[in-house]
Structures are given as C-alpha cells and as structure tokens.
Amino acid sequence: MSMKGKALYTFQSENKEEISIQENEELVIFDDNSVDGWLQGENSKGQRGLFPASYVEVIRPRSNSNLTDCSISPVGSPGNDSSYFPSAPNTPFHMQQGYYDDDDDDWDDWDDSSTVVDDDGRSGANGHSHQSPHSNNPNVHYRAKPYMERQDSISSSRKGSMVGRNLNRFSSFVRSGVEAFVLGDVPMNAKIAESYTIEMGPKGPQWKESPTPFSCSIEDPTKQTKFKGIKTYISYRVTPSHNARPVYRRYKHFDWLYNRLLHKFTVISVPHLPEKQATGRFEEDFIEKRKRRLILWMDHMTSHPVLSQYEGFEHFLMCADDKQWKLGKRRAEKDEMMGANFMLTFQIPNEHQDLQDVEERVDSFKSFAKKMDDSVMQLTHVASELVRKHLGGFRKEFQRLGNAFQNVSQAFMLDPPHCSDGLNTAISHTGRTYENIGEMFAEQPKYDLFHMLDKLSLYQGLLANFPDIIHLQKGAFAKVKESQRMSDEGKMDQEEADGVRKRCRTVGFALQAEMNHFHQRREVDFKEMMQAYIKQQIAFYQRVGQQLERTLHMYDNL
C-alpha cells in the first residue's frame with residue numbers, strides 16, 4: 001500500500017533509475033520496506049523511481065479505537081530485503097527467450113528440482129539471477145550485492161568508517177563488491193580454498209600460468225529427443241584433453257557455466273556465449289555456426305590461466321554422472337568466494353607500483369579498447385556486407401555473365417553453313433565456367449568470412465565487458481584519493497587510508513593482469529585469423545584461375 005512521505009534532505013539523481021527530491025518535498029512511497037537503503041516512490045512532479053531511504057520520513061497511518069491519525073517514523077533499515085516493486089510489466093529478457101527457445105527451459109533430467117539462490121535471497125533458474133525491474137530495458141541485468149557484503153558494510157558503518165559509500169547501488173563498483181573490498185568491509189576468511197597468483201612479467205602484472213594447461217574439443221552436434229519426442233534439443237560432445245573422456249552438454253549447460261563465471265570473476269572479461277535464436281534452431285547452418293562459436297568460446301576459456309582453473313569449469317568438463325552433476329552444480333551455486341570475497345583470493349607481487357602510473361595505463365587501455373571496439377564493429381559490418389554480396393550479388397552477376405556467353409554460343413549455331421563447332425563449344429564452356437565461378441563465390445564465405453566473423457563476435461563480447469571492469473578500478477582510485485584527503489585533514493587514521501591504498505593495489509594488479517592477458521590473446525588470435533583468411537583467399541582465387549586457364553586452352557587449336 002502506498003503512503004505519504006517527506007523529504008528530509010535534497011537528493012540529486014545520478015541515473016535513470018533514480019529521481020531527484022527536494023528538502024521538505026511531499027512524496028508518495030510505494031512501500032516503506034527499503035532494499036539496501038533505497039525506496040521506490042513518486043515525487044511532487046509525478047516522476048517515479050528510487051531515492052535514499054535515509055533522506056525520507058514516512059508518514060504512517062495509525063489506527064486507534066475511535067479514530068485514525070498519522071505518525072511520522074523513519075524508514076526501515078537498509079538491510080531489509082522485502083520486495084518493494086510492483087509486478088514488472090515486462091517479462092525479463094532471458095525468460096522471454098525461454099518461451100520459444102528450448103535451450104532456456106528448466107534442467108529436466110539434469111536437475112529438475114534445483115534453483116539458484118541468488119546472493120540477495122531471490123531465486124533464479126539455470127544459473128540466471130532474476131532481473132530486478134529497476135529498469136524498463138529488458139537487456140540490462142543488475143547483479144545484487146552479496147549478503148555478506150551488505151552485512152560487512154553495515155558493521156563497518158557502526159565502527160565509524162569515514163569514507164563515503166557510493167549511493168548508486170546499480171554501479172558495477174558497488175554490485176561487484178569491489179567497493180566493500182577496497183573499504184575493508186570484507187573480513188579475511190582463514191580458510192580460502194582457492195588462490196589466483198599475479199606475477200610480474202616483462203610487460204607488467206600477469207596471471208600466473210596454469211600448471212596443467214589443457215584444451216577441449218566440441219564435436220558432433222546431434223539432435224536428441226525426450227518425453228517421447230515432445231522435446232527436442234542439440235547435444236554436443238565435449239572432450240577435455242587431460243582425460244580424453246567425453247561428456248555431452250546442451251547449450252543451456254554452457255549457459256549455466258557462463259552465468260557462474262560472470263557472477264564470480266568480476267575483474268575478468270568472460271567471453272559472451274554465441275547468441276540465441278528464436279526460430280531455425282535445428283537448421284544445419286545455425287547448428288554449424290553455433291558449434292564454431294562454442295569452439296572459440298571454449299578455446300578462450302581453456303587458455304585463460306584463471307578461468308580454466310575454476311572448480312565449476314572442471315565440473316562442467318569432467319562430470320558425467322547425473323547425481324554427481326547435481327551435487328557439483330549446487331556447490332558451485334553456493335560458492336562463498338563471490339563478489340567482494342573473490343578479491344581475497346588474489347596473491348599479488350611485492351613490487352611497488354605508483355597508483356598514478358597505474359591510472360595512466362588504465363586510461364591508455366580504455367582508449368585502446370574503445371578504438372578496437374569501433375574497428376571490430378566496422379570490420380564486422382564490412383565482412384557481413386561482403387558475405388551478402390558473395391551469396392547474392394557476386395553469384396548473380398557471374399551467372400548473368402555466363403548466361404550471356406551461352407546466348408552468344410546459341411546464336412552462332414543458328415546458321416549451320418557458317419557454324420564453327422569448336423568455337424561454339426568453347427564459348428558455351430566459357431559460359432558454364434562463369435556460372436561455376438558464381439557458385440564458388442557463394443560457397444567461399446564458409447571457408448573464410450564466416451570464421452572471421454566468428455572471431456570478431458568473440459572479441460566484441462570481450463571488449464563489451466571492459467567498461468564495467470575499468471569502472472571498478474576507477475572507483476577504487478576515487479576511494480584512495482578520498483581516504484588520503486580525509487587523512488590529511490585529520491578525519492581518518494593514516495593506517496586506515498594506507499589499508500584502502502593497499503587494497504586498491506590488489507584491484508589494480510588484477511586489472512593489469514587481465515589487460516595483459518587480453519593483449520597476449522589478441523596478438524595470437526588476430527594473427528591466426530588474418531593468416532587463415534588470406535590463405536583461403538589465395539586458394540580461392542587459385543581455383544578460379546585454374547578454371548579460367550582450362551577454359552582458355554579450349555580456344556588454342558581453333
């Protein structure tokens with residue numbers, strides 16, 4: 001039930017999910033139970049959105065035996081997780097796709113009863129967190145702050161920590177838990193079962209290579225049915241090199257793994273999975289395209305020193321028993337080393353790094369990533385247009401040319417006394433040659449351009465992740481500067497400010513290691529992509545030249 005409220009302070013909105021309120025302004029509050037210190041309501045201008053609960057007093061109706069009056073009381077505590085939004089008018093994007101894409105259905109025989117309990121207590125199926133209806137954009141997914149992080153933030157505020165928290169709870173800096181980590185709100189767990197080492201390399205911090213590198217093949221996409229043919233899906237044979245024992249996975253199993261990785265590895269660019277498709281999921285071309293892109297995705301995963309060591313990834317690759325799969329799946333979904341806690345798993349070098357130098361390197365990478373993203377998009381557009389021409393325009397033009405030669409040959413045959421059979425045959429063969437060349441153009445993209453577009457799609461996904469990852473480092477830098485300013489003003493102990501700086505170093509080392517890994521993979525991948533494309537182009541034009549040479553020789557002895 002909605003109720004009235006009064007703004008105690010002025011608040012300026014920072015994004016489209018929030019609304020501005022003015023001191024003493026009358027408000028309508030849809031629910032007085034706050035979530036992470038935020039309420040949803042309407043201001044006097046009729047604008048609806050979020051504003052800080054601590055900025056508002058709620059005027060509550062209070063019933064008495066003979067009369068009803070109103071009392072003013074502060075809003076509920078920030079840790080209250082009660083739902084405060086009405087039912088979302090739009091179904092979340094991943095659920096919309098589930099209506100028509102079998103790859104998004106429940107886990108069937110893998111785990112019919114399993115649901116994922118998200119970090120804030122809300123559940124989601126297949127490893128997806130339910131999208132909170134904070135935004136009308138169905139493509140935007142918000143990751144809630146982990147429960148441990150909220151509790152730590154509250155306890156820290158009781159201890160009197162002076163560095164301000166970011167009021168924008170949708171910021172990736174807040175959602176990822178990096179803010180809580182940098183501010184020291186995450187207690188050190190004495191039993192951290194996993195560890196990821198960052199070491200100094202010739203080009204700066206880098207992830208320590210996996211002691212047991214491996215590869216993984218994805219083969220034999222096969223249509224399967226269940227429930228007496230009611231449900232149909234594609235199964236892939238997945239074979240890791242370190243044990244050579246295949247397991248069979250559907251796309252939704254890849255999707256589950258992707259979501260686990262996305263939630264855990266906040267400072268790593270996890271490549272996007274191949275896109276879903278509403279119709280034609282069982283057409284040969286789509287199945288082949290998805291397989292190619294899953295292979296690239298898997299190659300990137302196995303080549304990453306951190307992602308390849310993840311226990312959930314190992315479980316995905318090696319578990320063939322249904323019962324063990326369910327146990328491992330639930331264990332991965334209950335992983336405590338997520339968000340802010342994940343930052344505790346890093347072992348960083350002792351080398352000193354000036355934070356100003358780190359910030360400059362991050363800014364340089366940010367400019368590079370933006371330019372690379374633009375150029376990859378441009379190349380994707382050009383290559384896609386070239387595919388369209390190969391399949392349509394080029395084929396059609398060569399067929400028209402071949403047909404024209406055929407017509408000349410037929411015309412020469414209409415006056416038999418002056419007909420040269422050899423010349424007519426050669427011209428007719430020339431027409432068929434150009435028709436064949438048209439078909440060769442139509443077939444060629446599957447050997448070169450399709451593979452180029454696959455690789456570019458992978459990098460579009462990787463590059464799309466970096467703005468949020470860089471934002472984590474920017475947020476950490478800001479907290480360092482704020483803590484040092486407060487220390488200089490005598491408002492904070494220097495020891496506490498040094499702690500913020502030390503934890504910021506951890507974030508900086510992790511980001512630089514990921515940047516260096518990206519550059520390393522980029523050089524390998526683009527070298528391979530360009531070599532493969534040019535080799536296929538040479539082979540293609542050699543085949544075209546051979547066809548034309550054979551045709552030319554037909555005119556030699558006329």
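Glycine is treated like the rest: Cβ placed from N, Cα and C.
The compositional bias 'Polar residues' annotation in TrEMBL covers 79-94 (among others).
Per TrEMBL, compositional bias 'Acidic residues' is recorded for 100-112.
Sequence annotations record features per position, and here TrEMBL assigns compositional bias 'Polar residues' to 126-139 (among others).
Per TrEMBL, the feature domain 'SH3' maps to 1-61.
Annotation source TrEMBL lists domain 'PX' at 214-324.
What TrEMBL records for 66-141 is region 'Disordered'.
The predicted model assigns the domain 'SH3' (1-61) a mean pLDDT of 82. Helix, strand and coil content of the domain 'SH3' (1-61), in residues and according to DSSP, is 3 helix, 29 strand, 29 coil.
Each residue in the domain 'PX' (214-324) gets a DSSP state, and the totals come to 48 helix, 24 strand, 39 coil.
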